[in-house]
Amino acid sequence: MKPAIFLMLFVAMFLISEGEGFKPKDAPQERSVFSPVVQSCPRCHRRDHFGKCRKLDPCPDK
């Protein structure tokens with residue numbers, strides 16, 4: 001029964017990534033979520049829980 005749970009979890013993660021506008025050319029950036037090497041985001045961007053860089057509306061200038 002446990003393998004079925006992992007399979008369902010994998011399918012759910014895949015569907016979530018599809019809903020986020022996943023494209024094959026985005027694969028290296030998507031894969032960086034699970035790798036120890038994390039690329040830095042541009043200025044005024046922050047990394048969300050999907051690992052993508054999101055632009056901040058009120059840009060906090062450092």
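Backbone N, Cα and C define each Cβ position, glycine as well.
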Worksheet item: Considering the residues Pro36, Pro42, which is the one that Swiss-Prot annotates as hydroxyproline?
Response: Pro36
Response to the item:
Going by Swiss-Prot, the cysteine from Cys44, Cys53 that pairs with Cys41 in a disulfide is Cys53
Discussion item. If you count, for each of the disulfide-bonded residues Cys41, Cys44, Cys53, Cys59, the other Cβ atoms lying within 10 Å of its Cβ, which residue has the minimum?
Written reply: Cys59
